[in-house]
């Protein structure tokens, strides 16, 4: 063979605006082409030194993205060296085009095009060695995607790869090269004398002849170590080949029923007689100074309520549901301290469902599906909307001037003084730099969205106007397998800085988002709009929650009004129409409601005074809870008074005192149990649950105190009015009709005594009841094991909210999940070689480094500044250079400076092609790396800027997450991965023993609670159950049996409630936990009154005592708890907020119905079987 061309003839006159100078060789070693090095006096090549320098420069930009894999970079240079410098050039190259070029007054023939013939084995092996090389700066993008033109990484083949390299329009090739890949033994189309080059190409897991290491696992699958397959995922708990929980529930059901049958059998055979002791109740007459008692009560309430002037409502979800000392909060504070808080997202997702797509039969790609939205007209319309939003301006009182996007936008490449074009706006028009001229010039689809420059005649950049690449998953959505042309949605995202709430710019950002929403909503109403779309601003969640809360306030008011009307009507005696206004209890009912309201106000005022903030949950739940407790006590007290007959020579006050002596212990039993229950519930680590428990505990306690004082005084005044036959509200009017001397039994008590209790406590009915409730309990245990844990963010939105549409679009069209950062704390030495190897993912890095491990987990590999820094320092790239002359000689030279004045590289070429700076070099060049802004010439050098001292972070993306269960699982897996990385990095010499890596994304603070909420719930509910047992035992004279039956029934109510939650699609979360804690309190009302009434009964048999307790106390419980709650709960079904519909209507309805069923059906029956024989009575002096 012989040389086909030699030396240089100057610039190619056919090319302009190229990325490198298009120096062409004339017609007629070695750092660049080491494969020619045969030793001194034995090396031959068809190149001059000047030509080698130009070849090196021509290969620089391409090799910069391939240098992470030495064998790939070697193969890439190998072919071009053979074509350009081989002494047997004539055997592999055939010149096809020449041109006269004049340089320095000398005209010569220059080669501007030739054919290169390559063997297929060499071409395929070279391609395979390069196809998996990544560019970490592009968040896991493939280097081949930037070197295959419009085909991108997915459609790239060896032929297309070489075609791009030989296309002079790509800005890299100095002349046209027509690569011909020839199958071995095939001579078709091969000119005479030409032998396709069949040299040895290296595999990516081979070392290079120059000593380069094998490529890393991230860039070369063949280099990945053999890893044992993970253990099989633990399946569901099974027994006997079926669901284990179901089997256990069935076994428990059988055992309980058999135990009950055995008990019945023994009871029939063994007759036992227990002596009963008769109890004495004495009451002490109330003082007649009712007015003074009322006044004193009002003064106490007023003093407590003064604190309401300092009330603070917590609306920040982070403050509500994440404890300040929780791991997620501490990690969030660490991240926000060393890095900027997670940016604020404002987004529009647009579709055009009515537009018909089409199939384009491309000569290059074959049939391509273009969706209806992929049209020039819609891209232009999207650009118009984007421009309109970008041009938002408004007056800011905080800045005292007109504010715009640039004042608050996230500008990663120019954060200190951004212009509008520096703002991070991600959209499809960014591929055209938001230029209408570029879009109008020609719109085409590329399969390589990360290309530096397109290869059409337009020669346009593919970078965004703010200097970074546009990632396709942030520009379009609804595509599969990188088929971007079939995308069904445009994604338009504006990112703002997330300022602290105390920062004046926080209000500016909120104002901008308000204007953003205004423009988008106006655009949505425009009939000329071609899109169907969804949108959101960072403020949208909080805005929508506040809006629906305000809209649902009337629903709560109606609910309270319905309860008030019921109480006022139900407490009346109604013996005659003539005494209707006398016997009504409107004022007593109103007084009972006011007592509840005053107890809630006093509780809120007290805690506001001492600085414990309230929340909307407290405002919505605590009044309902206290109303249930208070109404029950009111009904028990008033009905007991109405059913009582005044004894001879007994004054009204003495009668009230005696009646109070009968019922006060029962009221104390319930109120004290509930109050202690809630005070213990305040041990919860969840702020919302803790504050709710504190507010509820004090409110219940205050309610009892006010009932024992103010309400008793009010009832005394009302009884005086009734005794004087005066009309309610019109006290001056008397009625002649006298009050009947018979006690008013009402309707419920006679009904329950005559019909309900005898039927319920019939011998066969009791057996059926026990069996049914055991079955319900066992079924609920099984269902409880399958309850879903979490709270989907959609449920926080009201019905009809625009955010619900946005969530649907987000789940349908987004191709990746939320970004996640793996944050390293101080204590790790990044400057050492071992430290860099433990983090990076390129050649020479540890096989189980930080980035290698992250890649195995997330949707898109981590962006690693360490890899970027190493690639940036690599002398084979032009990223890190030094000035060789002038005043800045020896200092860093930006990549966009001319190579004539920056010929020196920052580092020398390493012997094994594995670049690792020394500690001094690391510290010297790191500031330049962090501050050098990339442009089109140096985009391969670096994209993202990440602070590295004393903390650092590595960004990746989760896979798409659509519900709270997936978010929680992602958090759990990310933490497990971070813990594994921590252990590995602590083994690096010089690493601090307390060094730590943790994952962080903005959603973790919300979903962390679901990792522990089951244990948290069991702990809180157990704490609430404990006082109900202890107080019941103590106040019933250490009656352990009654206390246990009381506890058993409450446990069954709670378990059955959780079981019904599974059936009714109510997830278990913090809101549900608050309601379950409330369920314990309400269950005490259903159960404890009945238990005490049974224990104090003096009837001879258990069944008779159960009948008496059911008739006497059951009627009061039904009227006071069940019928008080149900009307108010049913009204909540009409609320707009889904949270209220699910967790306040559904869950409270379930709690009330199950409490009523267990308290009025199950408990009387179980007492008739297992109730205590011995009656313990307390002599209470009230």
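Just so it is clear, glycine is given a Cβ too, placed from its N, Cα and C backbone atoms.
Sequence annotations record features per position, and here TrEMBL assigns domain 'SSD' to 552-717.
What TrEMBL records for 245-271 (among others) is transmembrane segment.
Only residues 6 or more beyond the boundaries of the transmembrane segment (292-308), in the same chain, are considered here, and those with a CB under 8 A from a CB of the stretch are 598-599, 601-610, 702, 706, 709-710, 712-714. Feature annotation from TrEMBL assigns transmembrane segment to 292-308 (among others).
Panel annotation: around the transmembrane segment (553-574), residues 580, 583-586, 588-590, 592-593, 620, 623, 627, 631, 634-635, 638, 642, 744, 746, 1119, 1123-1125, 1127-1129, 1131-1132, 1134-1135, 1140 of the same chain, lying at least six beyond its termini, place a Cβ under 8 Å from a Cβ of the stretch. According to TrEMBL, the transmembrane segment annotation covers 553-574 (among others).
Per TrEMBL, transmembrane segment is recorded for 586-610 (among others).
Remote same-chain residues near the transmembrane segment (616-639) are listed as 313, 315, 320, 549, 556, 560, 563, 567, 570-571, 585, 588, 592-593, 595-597, 599-600, 603-604, 659-660, 663, 666-667, 670-671, 674, 688, 691-692, 695-696, 699-700, 703-704, 707, 711-712, 715, 746, 749, 1071, 1074-1075, 1078, 1081-1082, 1085, 1089, 1113, 1115-1117, 1119-1121, 1124-1125, 1128, 1140, 1144, 1148 (criterion: CB distance under 8 Å, separation of at least six residues from the stretch ends). Feature annotation from TrEMBL assigns transmembrane segment to 616-639 (among others).
For the transmembrane segment (659-686), the residues of the chain that approach it from at least six positions outside its boundaries are 281-284, 286, 321, 323, 325-326, 629, 632-633, 636-637, 640-641, 644, 692-694, 696-698, 700-701, 703-704, 707-708, 712, 1009, 1016, 1019-1020, 1023-1028, 1031-1032, 1035-1036, 1070, 1073, 1077, 1080-1081, 1084-1085, 1088-1089, 1092-1093, 1113, 1178, 1180-1182, judged by C-beta separation under 8 angstroms. According to TrEMBL, the feature transmembrane segment maps to 659-686 (among others).
According to TrEMBL, the feature transmembrane segment maps to 692-717 (among others).
Sequence annotations record features per position, and here TrEMBL assigns transmembrane segment to 764-785 (among others).
If you look up TrEMBL, you'll see 1017-1038 (among others) marked as transmembrane segment.
Taken from TrEMBL, the feature transmembrane segment applies to 1045-1066 (among others).
Within its own chain, the transmembrane segment (1072-1095) has Cβ neighbours under 8 Å at 617, 621, 624-625, 628-629, 632, 636, 665-666, 669-670, 673-674, 677-678, 681, 686, 688-689, 692-693, 696, 700, 1013, 1016-1017, 1020-1021, 1024-1025, 1028, 1032, 1035-1036, 1039, 1042, 1045-1046, 1049-1050, 1053-1054, 1057-1058, 1061, 1066, 1105-1106, 1108-1110, 1112-1114, 1116-1117, 1120-1122, 1125, 1143-1144, 1147-1148, 1151-1152, 1155-1156, 1158-1160, 1163-1164, 1167, 1171-1172, 1175-1176, counting only residues six or more beyond its boundaries. Under the heading transmembrane segment, TrEMBL lists 1072-1095 (among others).
For 1116-1135 (among others), the entry in TrEMBL reads transmembrane segment. Cβ atoms under 8 Å from those of the transmembrane segment (1116-1135) belong to residues 552, 555-556, 558-560, 562-563, 566-567, 570, 624, 627-628, 631-636, 639-640, 748, 752, 1082, 1085-1086, 1089-1090, 1141, 1144-1145, 1148-1149, 1152, 1155-1156, 1159-1160 of the same chain, restricted to positions at least 6 beyond its ends.
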When you scan the chain for residues with a C-beta under 8 Å from the transmembrane segment (1017-1038), skipping those not six or more beyond its ends, what do you find?
665, 668-669, 672-673, 676-678, 680-681, 683-684, 689, 693, 1044, 1046-1047, 1050-1051, 1054, 1068, 1073, 1076-1077, 1080-1081, 1084, 1088, 1091-1092, 1095, 1176-1178
